[in-house]
Each structure stands twice: as structure tokens, then as C-alpha cells.
Amino acid sequence: MTLLQALVAFPVLLPMLGAAASVIVGRHASLQRVIGVVTLAIVCVVAGILLVAADRNGPVVAELGGWPAPMGIALVADRMSALLLLISSLVTLAVLVYAIDQRISDYGRETASTTFHPIFLLLSTGVSLAYLTGDLFTLFVAFEIMLASSYVLITRRTSASRIRSGMTYVIVSLTSSLLFLTAVGFVYAATGTVNLADLAGRMELLPDGLQTVLALVLVVVFGIKAAIVPLHFWLPDSYPNAPAPVTALFAGLLTKVGIYALLRTQTLVFPQDDPSMLLLVIAAMTMVVGALGAIAQDDLNRLLSFLLVSHIGFMLFGMAVWTPEGIAGTALYVVHHITVQATLFLVSGLITRRTGTVSISQMGGLAQTAPHLAVLFAIPAITLAGLPPTSGFVAKLALLQAGAGGGLASEIVAAFVVVASLLTLYAVARVWVRVFWGTPKEPLVDNDPNDELVVGTARSARGMYVGASSLVVVSIVIALFAGPLSGITARAGEDLYGRDTYRSAVLEPVAVIPAGDTGAGAEDAGDTGAGAADAGAADAGTDDGAGGTALAELPGAGTEVTP
């Protein structure tokens with residue numbers, strides 16, 4: 001294993017080790033904070049290195065334990081996973097800086113938190129593992145790490161609303177996990193593998209009906225994680241009750257992990273040539289329902305939660321078009337939205353800390369009393385609405401161009417992108433007018449003294465502004481460098497649509513079953529009917545297949561597979 005291959009495991013291992021170190025130092029708050037910041041800063045650097053390497057030379061694969069894929073666990077950093085890993089790591093670091101100065105403490109005690117930093121780093125471990133894993137079962141493990149960490153972060157306080165929100169979240173997530181594990185079991189029983197690159201060749205050997213059922217189950221599983229309509233009901237009730245940095249991290253990352261998993265599995269394992277009518281309909285519903293729900297809200301955090309749901313539909317739309325351009329548009333929109341949505345929730349935390357309420361109708365006058373907050377809100381708000389020349393405009397333009405070239409159905413749903421964007425603009429404009437230019441109201445009484453909200457606080461800690469401002473800068477940088485970034489996402493779209501780059505990187509020196517081949521199918525590599533074993537040896541250039549197990553020797557390969 002080369003040094004570059006070893007680096008692929010760092011984004012998973014470092015936060016895990018950092019979490020353990022945070023537990024060891026216990027009540028030493030300053031040490032916990034240093035460990036967290038340094039760990040995530042290193043992960044950001046590693047993610048940047050992996051992105052450069054993947055963009056220049058193709059996917060970087062690390063085989064854990066020395067076992068080659070598909071038998072062993074492979075971590076894969078290609079353009080898509082490395083790009084999302086980088087932007088997610090930057091957001092996680094900024095959110096941690098924000099959280100440190102908010103001084104989150106256990107159960108209302110103004111002391112160092114013994115749980116927040118370790119759990120926060122474990123959540124980062126789960127996110128990184130979800131991006132990098134090359135098989136379905138490890139993806140399931142990543143989801144469980146995220147679920148356990150998320151539940152602790154949501155319910156860290158004893159308030160009834162948080163316990164209720166946490167229970168809703170965990171019940172829905174456990175249901176999703178049960179479906180996911182069941183699907184993984186069926187996939188393994190039918191194909192003999194859970195490796196995604198291997199499944200790309202073997203899935204086509206299954207009956208069409210079974211393929212459709214498995215694809216739909218995974219759409220439901222990852223749709224729950226991503227909060228697509230009608231599976232979104234849990235999100236507006238769960239996210240707003242968590243502390244601002246926790247909500248920002250959830251909104252910025254966890255739903256995007258669901259979109260990433262859906263994108264990876266559908267393009268690699270269940271590819272198709274035409275736009276997906278099912279996903280197009282779901283995308284249109286998600287965009288409109290989320291935007292209309294946002295307009296109806298008076299609670300600032302619930303409004304932002306519904307806008308989050310709406311913009312998940314934008315990402316789903318690019319995937320549903322099912323072209324390299326559409327997939328590239330989805331990738332670009334995910335990068336933009338991770339940053340902007342997290343920023344808005346951090347700014348919402350600053351606003352509620354200043355005003356003492358989450359009720360939009362009770363706020364007002366912040367443009368005069370806190371002009372810096374007005375700027376911090378305005379930039380991500382217009383970016384989310386997609387006004388030029390922001391990163392949101394660039395990403396939406398890419399989606400619209402992809403939709404225009406995807407046929408009549410895609411063109412119709414592209415109109416929903418425009419409608420949802422206008423509704424988003426109306427929603428954030430209403431917040432802007434009411435909160436920053438309306439008549440100031442008296443702060444509400446603090447009904448929950450055990451939470452992090454300091455009612456009517458005139459000033460917030462500097463680090464909170466640093467965390468939010470840094471993400472505003474990141475969104476501006478994305479807009480300024482939209483050209484190079486669009487190039488990376490375009491190449492990522494080609495890789496995901498074509499599949500061969502990913503498969504060959506993961507399965508070498510194991511023989512790859514070409515997509516569409518059936519039966520013994522190694523005719524191009526050797527004797528007809530000789531199977532992939534001879535092909536694997538021929539491709540490896542050695543008599544014994546270059547140390548890799550020939551694919552035909554694995555369970556289910558080279559034979560007709562029955563469920």
C-alpha cells in the first residue's frame with residue numbers, strides 16, 4: 001500500500017482516534033477543543049490531497065487488511081467522494097469552531113462538555129466512511145455510526161421537546177436501517193457480493209423484477225436519509241429542536257449523505273439510459289412541497305428545515321435526468337448547498353441568541369442593531385435563492401441546462417426548479433424584511449433555562465461569528481472558482497455515468513465482468529465458456545491471475561443467478 005492509498009483511511013481513522021482522545025482528557029475543555037480542531041483541520045488537508053490525486057490520476061483505492069476487492073473492504077476516493085469529503089470537512093471544522101464558543105455544556109452546567117466533542121468527531125467518522133466506502137455493508141455501518149451520534153447530539157438535554165424529537169428521528173432512522181440491512185441481505189444472497197464495483201457487473205444477471213424491487217428498496221432507504229417527499233416528515237420536527245451547531249451539521253451533511261448514497265448506488269448498480277420518471281416526479285414534489293411548507297412557517301428554524309427539504313429535490317432532479325450533465329449538476333449543487341444550508345442555520349442561531357426567540361413575527365430591527373448579522377444572513381440567503389452571481393445561480397443553471405437536454409419530462413420538471421427558486425426567494429425575503437427591517441419586539445421569556453440559548457444576549461462570542469463567516473467565505477470562493485469546480489464535477493459526472501473508471505480501479509487485478517455481459521462471458525479475454533478465471537489471469541499478466549481471485553471463482557459469477 002502506498003502512502004497515498006494509506007491517506008484514504010485517514011478521514012475515517014483520525015476522527016475516531018480524536019474521539020477516543022477527547023474521552024481520555026475528560027473534563028479538560030481546552031484539550032478537547034484543541035483535539036477536535038486539529039483533527040478536523042488535518043482531515044481537511046487530507047481530503048484536499050485526495051481530491052487533487054483523484055482528479056489527476058483517477059480513483060485512489062485502499063484495501064483494508066490487505067484483502068483485495070471484492071472479498072475485502074475497500075475505501076475509494078474518486079472525484080465525487082473526495083470532493084464531498086473536502087467540502088464536508090470544511091463545514092464540520094467551521095461548525096466546531098462555532099460550537100466551541102457557544103460553550104455547549106452537559107445538562108445546563110457551565111462546564112466543559114464530556115460528550116459533545118467525542119460524539120461530534122464520531123459523527124464526522126460516519127460521514128467520511130459513508131463517502132469513501134466501496135461496499136453496501138460498510139455503508140450500513142457508516143449510517144449506524146451517524147444514527148447513534150446524531151441521537152446523542154439531539155437529546156443531550158433533558159427537555160421534553162428534544163427527547164420527543166430524538167425519538168421521532170431514531171424511530172424513522174431505525175426503520176430505514178432495518179430496510180437497508182434487509183436489502184443488503186437480499187443483494188448478497190442473490191449475487192454473492194456487496195461490493196459496489198462488483199455488483200455493477202453481477203446485478204445485470206438477475207431477473208428484471210428482482211432488480212427493480214432492490215432498486216426501489218434502496219430508493220426508499222436513502223430517500224428517508226435524504227428527506228425526499230413523502231419521506232420528509234421527520235426532518236422539520238427533529239432538526240429545529242437541536243442546538244444551532246448540531247442542526248447546521250445535520251442539515252449540511254446528513255441529508256447529503258443520503259443523496260450521495262442514492263447517486264452512487266443508482267448510477268453504479270442500477271444504471272439506465274433514459275430519465276427516471278419516478279425520480280423526476282419525486283423531485284418535483286420535493287421541490288414544491290418543501291418550498292410551500294417554508295412559506296407557511298413562523299419558526300425560523302422550521303422555515304429553514306422546509307427549505308432544506310425543497311432543495312433536496314433540486315439534487316434529485318439532476319440525478320433523475322440521468323445524463324453526465326445532470327449528474328454533474330447534482331454534484332455541483334450538493335457542494336453549494338452543503339455550505340449554504342449549514343451557514344443559514346448557524347446564522348439562525350446567532351439571530352435567536354440575539355432576539356431570544358425563533359418566532360419570525362416577534363423579531364425586528366436587526367439591520368440597525370446588528371448590521372453584521374444582516375450581512376451574514378443576506379449572502380447565504382440570496383445564494384440559496386440562486387440569484388446571480390452566486391454559487392447557487394451557477395449550480396441551478398447547470399441543472400436547468402441538463403434538464404433542457406433530457407427530453408420533455410425533464411424539461412417540465414425543470415420548470416419546477418424555477419418555481420421552487422422563486423418560492424425560496426419569497427421565503428428568505430420575508431425573513432429579511434421581518435427580522436431585519438420590521439418593528440423590534442421584546443424578547444420572549446426564557447422557558448427553557450437548560451438550553452444553550454442565551455435569551456436577549458446583546459453580543460455573541462467571537463468564535464461563533466468566525467465559524468459562520470468562514471462558511472460565507474467558502475460559498476463566495478465556490479462562486480469565484482465556479483469554472484474549475486464545474487470542470488471537476490463534469491468529470492465526476494462522466495465517471496459516475498460511465499462506471500468503468502470506478503470498477504476497474506476497485507477490482508484490479510480481479511477480472512471485471514463488462515456491463516451487459518451474461519453467462520460465462522469472458523469471450524473477449526479468452527476461450528468462449530472458459531469463464532472469467534482465465535480472463536483474470538490473462539489481464540493480470542501472470543499464470544496465476546496476479547494474486548487476485550478471478551471473478552468467476554467467486555460465488556454467483558459466471559452462472560445464472562436466481563434469487
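Cβ atoms are placed via backbone N, Cα and C, with glycine included.
Listed in TrEMBL:
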type: TRANSMEM; residues: 30-53; note: transmembrane segment
type: TRANSMEM; residues: 83-100; note: transmembrane segment
type: TRANSMEM; residues: 112-131; note: transmembrane segment
type: DOMAIN; residues: 134-424; note: domain 'NADH:quinone oxidoreductase/Mrp antiporter transmembrane'
type: TRANSMEM; residues: 137-154; note: transmembrane segment
type: TRANSMEM; residues: 166-190; note: transmembrane segment
type: TRANSMEM; residues: 210-235; note: transmembrane segment
type: TRANSMEM; residues: 242-263; note: transmembrane segment
type: TRANSMEM; residues: 303-322; note: transmembrane segment
type: TRANSMEM; residues: 334-352; note: transmembrane segment
type: TRANSMEM; residues: 373-400; note: transmembrane segment
type: TRANSMEM; residues: 412-433; note: transmembrane segment
type: TRANSMEM; residues: 463-482; note: transmembrane segment
type: REGION; residues: 518-563; note: region 'Disordered'
type: COMPBIAS; residues: 530-540; note: compositional bias 'Low complexity'
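Counting only same-chain residues 6+ beyond the ends of the transmembrane segment (112-131), those with a CB under 8 A from a CB of the stretch are 11-12, 15-16, 18-20, 22-23, 26-29, 32-33, 35-36, 39-40, 43, 81, 84-85, 88-89, 92, 96, 99, 104-106, 138-139, 141-146, 148-150, 152-153, 156, 249, 253-254, 257, 260-261. Outside the transmembrane segment (30-53) by six or more residues, the chain places 4, 7-8, 10-11, 14-15, 17-18, 21-22, 60, 77, 79, 82-83, 85-86, 89-90, 92-93, 96-97, 100, 112-113, 117, 120-121, 124, 128, 488 with a CB less than 8 A from a CB of the stretch. Here the transmembrane segment (83-100) has Cβ contacts under 8 Å with residues 11, 33, 36-37, 40-41, 43-44, 47-48, 50-51, 77, 116, 120, 124, 127-128, 131-132, 243-246, 248-249, 252-253, 256, 260, 331, 334-335, 338-339, 342, 346, 349, 463-464, 466-468, 470-471, 474, 488-489, 492 of the same chain, all six or more residues outside its ends.
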